[in-house]
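Have a look at the structure below, then the notes.
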Amino acid sequence: MPKVKALQCALALEISSVTCPGVVLKDKEDIYLSICVFGQYKKTQCVPATFPLVFNARMVFEKVFPDAVDPGDVVTQLEYDTAVFELIQLVPPVGETLSTYDENTRDFMFPGPNQMSGHHDSNRQVTMRRISGLRGNAPRLEFSTTSVITECLISSRKCHTQDKFIYHLAPVEKSHGRLQNRTSRSQKKKSKSPERSKYCINAKNYEQPTISSKSHSPSPYTKRRMCELSEDTRRRLAHLNLGPYEFKKETDKPPFVIRHVDPPSPRADTLLGSSGRDCERDGWSRVHNDHSHLGCCRPKDYKVIRTPHGRDFDDSLEKCEEYLSPRSCSKPRHSARTLLVHSAPSTMPKHSPSPVLNRASLRERFHSDWCSPSNCDEIHDRVKNVLKSHQAHQRHLYDERDLEKDDELELKRSLLCRDSAYDSDPEYSSCQQPRGTFHLDDGEYWSNRAASYKGKSHRPIFENSMDKMYRNLYKKACSSASHTQESF
């Protein structure tokens, strides 16, 4: 590879201290100074948080300009670069920047108007920005610079530059540190170690972790946020083992889905109500021939009607029979209820039918003839035995007592309604009379319940009442006629 000449600009920076009289920091964490020149970041060692901050650090920044022809071109390109100083305190979680100072790199390296190469300026002072939240003077930075522009070969630039980076990696803390650094530098130049190229490649200071990141363990939230930074920052923070985290945004979450169930149609509701009322009938339950089921009533029958939904049309009727717990057969009751079941849409997965629906009826399972004379006779005999039992007799007495009480209550209610109706309006009294109750005579009332209790029909009672009425009218007419004759 041919060697090409280029111009190299080097800056030797010596930082002595940072002073800020009359200012006391609230936090007591250590402080360090971060410097960025030529796009290269370097930092001093940490010092206690008490002014003045004495650093006594020395560092070198170098950059090669292969396209530059003379030093004037280098100075022109330096005008597009900025030198930045940051005073950082190690306050968790990521540190706090107390004060900053930035200046054009050309003016920072060559403060004079005609100074280009070989400039040395000692005991320089610049005023940094005021610390936010604190009263008092702004921090003042004391340092010295030496700027040099020289020719170099591009092929040997990396090793030459990185060797100087290794030499200036450890800042100077004591007054005799310069002699030690110079001695180590001369020894490194003389020694030709085979690992020299390795140090030159891995000694990039701006890719190393910062002191602030090494001083504390970041929280899980900070880790996720750090993973969202640039690739250069990820490489610089690789020692934290952040992992392949990605901060999830709100837009990445899947939408919350709510299933909507179609309400039953009003037609189905009316069909359900009417069929439920019309199909409910009272009757004696039929008992099976098997003696193991004696004393049990036949369970209610449920008819399942599937209405068409979409393209599914199922008009078949399936009969479901289920056993109920044994109960008294003194008042057996049989009711057939019709259940309306909407079939699921074709897109929805259909559930497997219940095994009860596919089960054969009692007649098919036991092959018995319900209409045979033997079954009918057996049923009548069993019903007679049940009615003659002590339990049925007690229940019959209770029913008679209940009928008497109901008749008395009904008579009292009719009398109360009649009195209240007569007090308000005579015409309104007819509307307030209980339905099916008629006034006969001498405070007697006749109703359907009284007819069933006495065993008489309405016709003879009506004729008797009319006979009494006409007889009374005739007696009154006769008595009135006799009174008039006596008066004359």
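A Cβ is built for glycine as well, from the same backbone N, Cα and C atoms used for every other residue.
In summary, of the candidate residues Ser193, Ser217, the record from Swiss-Prot lists phosphoserine for Ser217, whereas the others have no such entry there. Cross-referencing Ser219, Ser352 with Swiss-Prot, the residue annotated as phosphoserine turns out to be Ser219. Looking only at the modified residues Ser219, Ser465, the densest Cβ neighbourhood within 10 Å occurs at Ser465. When the Cα atoms are compared, Ser219 (phosphoserine) and Ser465 (phosphoserine) turn out to be 103 Å apart.
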